[in-house]
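Novice: When I checked Swiss-Prot for this same protein, it listed these features:
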DOMAIN    5-183  domain 'Guanylate kinase-like'
BINDING   12, 13, 14, 15, 16, 17, 18, 19  ATP binding site
C-alpha cells in the first residue's frame, strides 16, 4: 500500500531514462497519479493534449503563471514547462501518491511550496553513458546535443540537493529503489 497523499519529485538530466522508468513504475503501480505538465512547445508525433502535456500558446501559459495556477515552471530549450497546481493538490487531498517528473529548477520551486515532498534525482552511471544515450536518440542537432550535455553537467552537480539519488544503470534495480523511496510495495 502506498503512503497516501505523498508527493514525490523525480528529476534528472535529459537522456537519463526518466520516461522509461516512470512508464514501468506506473505499469506496476496504477494507484500513482503522474502529473501532466503544461508546455509552450509544439506537440510531437503521438502526443495527446491532456495526456502527454497540456499544450498552450505562450500568452496562455504566461496568464497561468500570473494567476498562480502553476506549482512550478521554468523555461528550457526555448520552451516553457510547468505543473498545474490544482490537480496536484486535489490528488494529494484524496490520498493518492503523486509523482512529478520535472527538471531541476522546477524541483527547487516545489521544495518551497511543498517542503515535505520527497525529491529523487535519477543519475546516469557515467557522463559518457549519458552522452551515448542522448546521441543514440538521433533526434537532435549537434548544437542541441551540446546544449543538453552542458545542462546535464549543471544538473549532475546539483544531485546533493536531493533526498535520494538513484543511478539508472539497471532499470529493474532503479525501479526497486524508486519504489522504496516512494514507500510502495512491489506488486
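Every residue, even glycine, has its Cβ placed from backbone N, Cα and C.
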Novice: If you draw a 10 Å sphere on the Cβ of residue 12 (ATP binding site), how many other Cβ atoms land inside?
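Specialist: The answer is 27 other Cβ atoms.
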Novice: Could you tell me which of these binding-site residues, 13, 15, 17, 19, has the fewest other Cβ atoms within 10 Å of its Cβ?
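Specialist: Checked 13, 15, 17, 19; of these binding-site residues, fewest Cβ neighbours within 10 Å: 19.
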Novice: Other residues near the ATP site, CB within 8 A of the CB centroid of 12, 13, 14, 15, 16, 17, 18, 19?
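Specialist: My list of surrounding residues reads 122, 124, 130, 133, 168.
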Novice: Name, in the order they occur in the sequence, the residues of the same chain whose CB lies under 8 A from the CB of residue 16 (ATP binding site) and which sit 6 or more residues away.
Specialist: 122, 123, 124, 130, 133, 168
Novice: I'd like the Cβ neighbour count for residue 18 (ATP binding site), meaning other Cβ atoms within 10 Å of its Cβ, all protein chains included.
Specialist: 18
Novice: Same-chain residues six or more away whose CB lies under 8 A from the CB of residue 14 (ATP binding site)?
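Specialist: The list for residue 14 (ATP binding site) reads 134, 148, 151, 152, given in order along the sequence.
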